[in-house]
């Protein structure tokens, strides 16, 4: 919005030309989201407290968590509002990728909001059923995947619909450009052709998987938001490179016109995340809830797909991956041993993995900060793949 206004007025006010620079708008998006989050955070926390929207704590977990009962939750609403306002203020409204990421983020946020609302307001600990939640995640993920399959490969909005129709008429087979291949980091000449169907399947898995992985990681004060900020920032760098014809050619990456604008979204997400961390740091005054965790995970997955860095997301978001694997292994092993021995056994003291370390004697802040440090290192490894290829 401000970009359009600045372009309209820049002939009379030359200093407004600075708004044309993507990096300037990215910095301003970050600052705007940070200010909104810090400014409205106390008010949101008071309102959540007045409405008695408090967190329920399981008695089977670490006993130190019992004091968290009643802490306001659904604070992720503040994060999403900060991201949306900041992004819309500073982005190019004509960029299709911005709208895809925003719609996926807000769509997954809506799923999380309904889940949190049922848990807190209706006092239903189950919230949305797993089947219902998965249905809506799948619907949003597939719609986004189908659209991205053609918008990533085609620079013109006019051509996207005709490409989709030709794909349907061709029995869901079509020739696709190199930029739709699965890029293998650290190897400049290694990529795997996916085809349209393969691209759609991979995109769906990345978006839905990332959303649920971030949600599973959200279990300690400040644990998930800093990795989201770090990974989002790393993906923002990739977005800037992929959207720049010169840099992408120099670094031997496919050029994706319009992808650079996602730097605005990633910067806004980082600013909103840091503002939320101000209130979510131990001892937390507010929790994110599913409304924030599902949305931010979906956002990371969508950005990673657009900039063709699905494997890099897997690397940089290693904490999310390990947390998810710990739950899957715990459940699978428990079911297997129950069938085999008549009694379920556990691989970990408790899943997700952060609870395993807590029950092993680590303090909550130790788990959180150490997971942050690991994420910092993983993000640096991911960023190094820009040049080390």
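Note that Cβ sites are derived from N, Cα and C of the backbone, with glycine treated the same way.
Per Swiss-Prot, transmembrane segment is recorded for 25-45 (among others), and the stated evidence type is sequence analysis.
For the transmembrane segment (74-94), same-chain residues at least 6 beyond its ends with a Cβ under 8 Å from one of its own Cβ atoms are 1-4, 25-26, 28-30, 32-34, 36-37, 40-41, 44-45, 48, 53, 102, 105-106, 109, 112-113, 116-117, 120, 261, 264-265, 268-269, 271-273, 275-276, 279-280, 286-293, 295-296, 299. Feature annotation from Swiss-Prot assigns transmembrane segment to 74-94 (among others).
For 97-117 (among others), the entry in Swiss-Prot reads transmembrane segment, with the evidence type sequence analysis. With a threshold of 8 Å between CB atoms, the same-chain residues lying at least 6 positions outside the transmembrane segment (97-117) that come near it are 53, 73-74, 76-77, 80, 83-84, 87-88, 91, 127-128, 133, 136-137, 140-141, 144, 147-148, 151, 207, 211, 215, 258-259, 261-262, 264-265, 289-299, 302-303, 306.
Positions annotated as transmembrane segment by Swiss-Prot: 134-154 (among others).
The transmembrane segment annotation in Swiss-Prot covers 167-187 (among others).
Annotation source Swiss-Prot lists transmembrane segment at 190-210 (among others), citing sequence analysis. Remote same-chain partners of the transmembrane segment (190-210), defined as residues 6 or more beyond its termini with a Cβ less than 8 Å from a stretch Cβ, comprise 104, 137-138, 140-142, 144-146, 148-150, 152, 167, 172-174, 176, 178, 180-184, 297-298, 300-302, 304-305, 310, 313, 317, 320, 324.
Residues or ranges marked as transmembrane segment in Swiss-Prot: 222-242 (among others).
The annotation transmembrane segment is assigned in Swiss-Prot to 259-279 (among others) on the grounds of sequence analysis.
Residues or ranges marked as transmembrane segment in Swiss-Prot: 286-306 (among others).
According to Swiss-Prot, the transmembrane segment annotation covers 311-331 (among others).
As annotated by Swiss-Prot, transmembrane segment applies to 366-386 (among others), with the evidence given as sequence analysis. Here the transmembrane segment (366-386) has long-range neighbours at 185-186, 220-223, 226-227, 230-231, 233-234, 237-238, 241, 251, 282, 309, 312-313, 315-319, 354, 357-358, meaning same-chain residues at least 6 beyond its ends whose C-beta is under 8 angstroms from one of its own.
If you look at the transmembrane segment (311-331) against the transmembrane segment (25-45), you find fewer than three C-beta pairs under 8 angstroms, all six or more positions apart, and that falls short of contact. The stretch in closest packing with the transmembrane segment (25-45), judged by the count of Cβ pairs under 8 Å and taken from 134-154, 259-279, 286-306, is 259-279.
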